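Down below is the structure, laid out as structure tokens.
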Amino acid sequence: MKFSTILLLVCPTVALSAQYALACTETGRNCQYSYECCSGACSAAFGFCLHR
């Protein structure tokens, strides 16, 4: 592959990863799933993001 093709594939991947990291839910906020929380831990019993 050419360098420009590799660059074209890598740039959107990096941009989407950064957007996902900024879109996470803060500790103490409501959540349903662990992947929604910045810490990666959602309380099943109470439904809020836990700290790690």
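Glycine is treated like the rest: Cβ placed from N, Cα and C.
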Per Swiss-Prot, the disulfide partner of Cys38, chosen from Cys11, Cys24 = Cys24
Just checking the disulfide-bonded residues Cys37, Cys38, Cys49: which sit within 10 A of Cys31 (disulfide bond), CA to CA?
-> Cys37, Cys49
When a 10 Å sphere is centred on the Cβ of Cys37 (disulfide bond), how many other Cβ atoms does it contain?
-> 22
